[in-house]
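Below is one structure, written out as C-alpha cells, with a few remarks after it.
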Amino acid sequence: VKLSYGTAGFRADASILQSTVYRVGILAALRSLKTQCVIGLMITASHNKVTDNGVKIADPSGGMLSQDWEPFSDQLANAPDPQSLVSLIEEFVKKEKIPFNGKHPAEILLGRDTRPSGESLLEAAKQGISAVVGAVAHDMGILTTPQLHWMVRARNKGLKATESDYFEQLLSSFRCLMNLIPDRGTSNETEDKLIVDGANGVGGEKLEVIKEKLNELDIEVRNSGKEGGVLNEGVGADFVQKEKVVPHGFGSNHAGIRCASLDGDADRLVYFLVPPNNCSKIDLVDGDKILSLFAVFIKEQLSILEEDTKGSNNYKARLGAVQTAYANGASTYYLRHLGLEVALAPTGVKFLHEKAAQYDIGIYFEANGHGTILFSEHFLSWLEDKNQELSSTHEGSEQQKAALRLLAVSKLINQAVGDALSGLLLVETILRHMGWSIHQWNALYQDLPSRQLKVKVGDRTAVVTANAETVAVKPPGIQEAINVETAKYRNGRSFIRPSGTEDVVRVYAEASTQEAADKLANSVAELVDRFLGFRSS
C-alpha cells in the first residue's frame, strides 16, 4: 500500500497502520529535535468510517505539519524495509542538521479519538518515539483533534496545557461574553434549547463534560457514542452537510428547534433546522453561514471601538474573510456587501489558515464547517493596551465592552485549528448577543443552487489551475470554453480542479436555479471529458 501525507495526515484501514504510526512516532521526535519545541501526534481518521484510522502531526504553532516535511513523511511511510528506513533517517538528519546526540530533549504530546483501534496504534507511536534517544512521549488520553492542537500551541507559549485548562479557558471566555450581552428587554428571539449530534464520537463525550459545567446553556447531546451507535454512520457533520438529511436520532419532533452536528473528531461544525413539513430533509446552516455570523459580530465590535476618537491610542484593524472557490457565491457577495475584504485560497485548510494569518483578524471557513478566527499578536497587544486605557478613562463604556468582547473571542476560539466545541460556544453567544433565532441567522442570505460532479480522466495532472483554483490555465482553451458555458446562465459560476487523491477532475457549478446549476455542471463535465477524458486520450 502506498501512503501519502495529505491535509489529514495518513489515513487507511486501521489493520494496516501499525508500522506507519510507529514511523510517524520517529518523525514526530525528529520534528521536536529540529524545532526544539513540543510536537503533537494525533491518532484519528476524523469523519471516516470506524474501521479506518489515521495519524497526523501538530507543529509547534498548533497548526499542521510544515509542508516541506511532507515529502520526507511519504518516504518514511513507504520505505520498503528496515535498512532503507534507517538510511533514509540518517540522510535526512544530516541534511536538516538535526541535533541527534542525545543532549537535546524531544517532547511529544499524544492523543487519540474513541476508535477501538486507537489504543494499539498509540502504543506503536510510543515505540517509534522511544526509538529516538532523548525523546519523551506524554499520553494525553482520549481527545478531540482540536484539543491536542490547542495543547501543543499552549505548551509552546509557556502556558498551562492540560485538558482541564482547555475547558477552563473555553468556559471562562464564554461566560465573559455572556455577561457582556446587551439587555434587550423582551426582544430576544434566540430559542433556549440546542440539540447536538455528537457523531457517536469523541466530540459528543467532551460536550457532555462542557454541559455539566455550564448552567447558561440548555444543551441536549444525541449520538454521544454511549447509546450504542456507530461512529460516523448516518451521523456527524460530514454526513449532514453532504447528504442534507437529518442524522440518526432526529425527526419531526425536533422541527423548528436549533440543531448542530459535530464530526467524528470534533474539528467541524454545522447547524441545521428540521422543517415542519418534511422531517427527513434539513435546512443546512453551513460553514459559510458560520463565517458570516462571526464576521457580522466582529465587524460590529470593531466599529464600536473606532467610535472612540478621543482616545490617544487608535488603530484601524484589518479584518478579512478567507474562503475557497467552493464557498457559495451568495455568501461571498454577502460578505463583500458588509464591506469586508474577502480573499480566496486554494482548497485545503493549510492554505486558508496561511491566508487568514495575514490579517489583524482573519476569519476562515470551508462550507463543510471547518474553520476558525486568527488574531495577530500585534493586534492583541494593541487591544490589551486599549482595554487598559479605556478601563481608566471610560470604565463600562460601549467601547470598553467591545474591547473585552474581542479579547474574550480570541480566547474562546481555538486559534490553532477549527474546533467544533469552541465554535459552537461562540455561535451560541453571538446569537444571544444579536437576539437572533436560527431562522434569522439562516436568512442572512439565500444560497445559490449548486452542483458538484466528478469526471474520470486519464491523467489529472493535465489540469493546472491558478487564482485559488478559479481559473484553469491548462489544458489550453478549456477555460475559454467554460466561460462561454457559464455566460449562458444568470448568476452562473463554474470551475474545475484536479482531485488530490484520484484520477478525476472535480466540477463545481452554481446558478440562479437548481436546473440551471445542473445543466451548467453537465456541460462543463462534457468539456472536461472532451479535453481530457479517456475518449480524448
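Quick reminder: no glycine exception, Cβ is built from N, Cα and C everywhere.
Per TrEMBL, the features are as follows:
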type     : residues                                                               : note
ACT_SITE : Ser46                                                                  : active site, phosphoserine intermediate
BINDING  : Ser46, Asp263, Asp265, Asp267                                          : Mg(2+) binding site
BINDING  : Glu366, Ala367, Asn368, Arg497, Pro498, Ser499, Gly500, Thr501, Arg506 : substrate binding site
DOMAIN   : 34-68                                                                  : domain 'Alpha-D-phosphohexomutase alpha/beta/alpha'
DOMAIN   : 104-156                                                                : domain 'Alpha-D-phosphohexomutase alpha/beta/alpha'
DOMAIN   : 161-270                                                                : domain 'Phosphoacetylglucosamine mutase AMG1'
DOMAIN   : 286-436                                                                : domain 'Phosphoacetylglucosamine mutase AMG1'
DOMAIN   : 454-526                                                                : domain 'Alpha-D-phosphohexomutase C-terminal'
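On the structure: features taken from TrEMBL.
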{"residue": "Ser46", "record": "active site, phosphoserine intermediate", "Cβ within 10 Å": "26"}
{"residue": "Asp263", "record": "Mg(2+) binding site", "Cβ within 10 Å": "32"}
{"residue": "Asp265", "record": "Mg(2+) binding site", "Cβ within 10 Å": "34"}
{"residue": "Asp267", "record": "Mg(2+) binding site", "Cβ within 10 Å": "29"}
{"residue": "Glu366", "record": "substrate binding site", "Cβ within 10 Å": "24"}
{"residue": "Asn368", "record": "substrate binding site", "Cβ within 10 Å": "21"}
{"residue": "Pro498", "record": "substrate binding site", "Cβ within 10 Å": "21"}
{"residue": "Gly500", "record": "substrate binding site", "Cβ within 10 Å": "12"}
{"residue": "Arg506", "record": "substrate binding site", "Cβ within 10 Å": "21"}
(message) Within the same chain, where does the domain 'Alpha-D-phosphohexomutase alpha/beta/alpha' (34-68) have neighbours whose Cβ lies under 8 angstroms from its own Cβ atoms, ignoring anything closer than 6 residues to its ends? I mean 6 or more beyond.
(response) 5, 7-15, 17, 20-21, 24-25, 27-28, 96, 98, 104, 106-113, 115-118, 121-122, 125, 129, 143, 145, 148-156, 199, 230-233, 236-239, 263-265, 267-268, 349-350, 353, 415-417
(message) Give me the CA-CA distance between Gly500 (substrate binding site) and Asp267 (Mg(2+) binding site), in Å, as a whole number.
(response) 21
(message) Tell me the Cα distance separating Asp267 (Mg(2+) binding site) from Pro498 (substrate binding site), rounded to the nearest angstrom.
(response) 25
(request) Please report how many Å separate the Cα atom of Asp263 (Mg(2+) binding site) from that of Glu366 (substrate binding site), as a whole number. (result) 14
(request) Excluding Ser46, Asp263, Asp265, Asp267, please set out which residues of the same chain place their CB within 8 Å of the center of the CB atoms of the Mg(2+) site, keeping sequence order. (result) Thr44, His47, Thr144, Thr145, Gly201, Gly203, Ala237, Leu262, Gly264, Ala266, Arg268, Ala420
(request) Check the Cα distances from Asp265 (Mg(2+) binding site) to each of the recorded positions Ser46, Glu366, Asn368, Arg506 and keep only the ones within 10 Å. (result) Ser46
(message) For Ser46 (active site, phosphoserine intermediate), which of the listed binding-site residues (Asp267, Glu366, Asn368, Arg506) have their CA atom within 10 A of its CA?
(response) Asp267
(message) Mean pLDDT across the domain 'Phosphoacetylglucosamine mutase AMG1' (286-436), rounded to an integer, is what?
(response) 95
(request) Round to the nearest Å and give the CA-to-CA distance linking Glu366 (substrate binding site) with Asp267 (Mg(2+) binding site). (result) 12
(message) Between Asp267 (Mg(2+) binding site) and Asn368 (substrate binding site), how many Å separate their Cα atoms?
(response) 10
(message) Is it possible to list how many residues within the domain 'Phosphoacetylglucosamine mutase AMG1' (161-270) are helical, extended or coil according to DSSP?
(response) 39 helix, 19 strand, 52 coil
